[in-house]
Amino acid sequence: MKLKVSIGCDAQHTQIAWVNYEGRPTEVDGPLWVGRILVRVRDFDGFTPDGSPPKRDSEYFRGRSRKFQIQAEGRFKKEYNGDQVIYGTQFDHMISTFPESAFRAGMRIAKYIDPAVYYDKYARSPYIMSPFVACVNTLSAWPAPSRLEDAVISLVEADSQESDTESLPEINDSSDVSLSDLPSTNVTPKKTTTQIDVQTNIVTPPITVTAVPDSPNPPAATPATVADNDDLSIVSSDSGNTTAPRKNRHRYWSFAGFSDSTRFSHLNVPAAIPDAPSVKTETSQNVSQLSVKSAATSLAPVEDDEDDELLLHRHITNKHKDFNLHVKQLGLLHKPSLDLEEGYIMDENYGKDVYKHGISNVPDDENEDDLQRYFTALEMQQDQKEQHKKSKNKDPFRKITHPSLHLGKFSTPKLIKRMSLRSKKSLRNDSKSDDVGNSTHRFSTASAASTSAVKTEKEKKMSAPRRSLDKLIRIGSLHRHHHHHHKTDLIESDSGIEASESNRRKSDIFSFSGRNSFSVSRPSSSHSTLSYANDSASSAVNVAGETGSLPPLREQTSITSGVPPSNRLKKHVSTPEKIVEERSIDEVSQSNTPSSKQLPQSVDGKTVTANANSTTVAKQPTSNVALTRPKPVRTATSQSKIPKPVKHIPSDSNNLDPQLGPWRFANPKVDPIEDNSFIFGEHKSVKERRKYFSSSKFCRENFFYDKDVVYCMSFFSPHMDFNTFNLNIGPIRLNVYKHLNSDGHQPIRYMMRETDDEDAVMFVVEFDLLEDDDETVLAEQAKERERRKQT
């Protein structure tokens, strides 16, 4: 027997679906809903619309435990609130032979996952249903093509969406769930005023209504019994059933609503109003009051020349220069590890080299956990080689304690404890103390020596017996951060002193009188000293953390001795032909004080500054125009914050493009994402969304579906294998096919319909097992082949 998957606007009007073909979703245009539906089935070996060989699998299932997925996007043709649309399974008749204990156990598990689920055995068509807005695994939205220019979007950063499954509750035969367990589902007609304000309510956060908690507390995470093993990507578009928390966070473009809503009235206010009087906007049930002045300052729209990093959690409209590019990425999650050359936008010169090495996202040091920063070059190379290898038993600290390091017989916790040198707080305190010491060195050599003595005494107290390991980790971490985060800032004038990155590496590096040298303090006798060329008027740059903001030039090593820092010299080799002596930071600081003996002279267009201990030569422009620092170039650090536009693949299903826009998921590397900012005004997890809409009928009735919005959902499960109809959920392991057909043949039918009318159906997806030579299927396949020949 083979699996037949059919899709239609109701049970009487269906067609065979192209299973696992991302570029061929089934188009549905009924009286209540218009949209596209895509079905994926693992190890599919069933019927195709034209009788061609089936596509057995999809990239979607790689690294996941899911057995099937239903993905639907579309628009409602009527006005509904959140309580008037339900989704679930509906049968043709009652299943009399299904074990009662198994049914009760299954319903308890279903209610544990989705608290709003309910069933009715004795209805004309028995069903197991739940409110659509509460039960789907992911929910997102974007504006219809006719309202695209009115959209308000924002770049959102959120935790990784979680795994497929979670630990299941204990099962006993006395457990049962019915309609009586839930609040009444009778729909109260909407008032006239509510019907008028449908558009406003759809984009405003209903959680601010009286007696509704503003931010529901997510339940505590529980260990998963079935691991997801999603090794494909940095992030996953899974359901939100929490397992172990993941380190990484992802960024995506989110749809917040329409600009004509009172919620976004501040976006139409001029950007600069210095002394505007406090004028309050029109208020509604779900909109807070904002003054014009506060809206113009803290919530003003982003300007065209504003840095990309400022886009995070900021609302932008069609006035933004890249709006048309970003609005096409709404609701999409790209899995960059499936294609190492696709990930995030970076600088034009930097990005190509970074992508070749398979690094698509550089983490932010300030948001990164301390233990995640202890990487070495050896670990990085080894991880790149093994990133596609599957491992059954992964060490969660494998990036920190890589087996190839051969660090000894230390246990993982003990080794991590030894490697975690100091906390961020102590590092910041040390940085502040270094700043004070540097300022003291500027005025007195004696005070510099005193500060050095105190610093040496402090290092003795904090030193650890792992100096070689510290240096290995430190140098690897600095090199990794330096290579991917920094570009050299050029000092140029109007006369045209210009230099590229490649030319600078080849040219001689001259020493400026205002050069700053920096010594990174570590609890070890070995120090890493970095120096860089900078404007003499610039202030000293402080290293604030393990991989803080560092200059992009040379790195040298000096050994601490009993000689005061002011008497030590360091040598820099710029080229094989030229060797320039440079002083330490103490002497450079002293040279800038009034007591320093500096004799500036002009020789052939160059400035020569003579001191007692060193001579420094610096190029000087021929013009009298003052040197100015150019505007910083956006490097990989800032550009990596913006998700790269997903590669669009044209779809064969384009008849509904005028109503829905182009199909966005023909690329198998793209998944629908959980994006509910249009509901709550900010990102909430799947569990928080489910908990909120399952908590009361009042919450569902205060959410409205907008006819100008395309809603996208995905529904999946790792428990049901439709190729065999084997159900495996918790203690339940049985084949449901024989029970379904004991009293007459019937398929498993998922549908979205109205709550009060079982005949008011938006769409259906049927799964059925049929014989290979089923006449109905053969006739439908022949009809499809004939249609394709004509077109």
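Note that Cβ sites are derived from N, Cα and C of the backbone, with glycine treated the same way.
A quick note: this is a predicted structure, and the numbers were derived from the prediction, not measured.
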Listed as phosphothreonine by Swiss-Prot, one of THR14, THR297, THR376: THR376
Listed residues TYR21, TYR374, TYR705, with the one flagged phosphotyrosine by Swiss-Prot: TYR374
Phosphoserine according to Swiss-Prot, picked from SER423, SER574, SER677: SER574
Mean of the pLDDT scores, which run from 0 to 100, over the motif 'FFAT' (373-379): 37
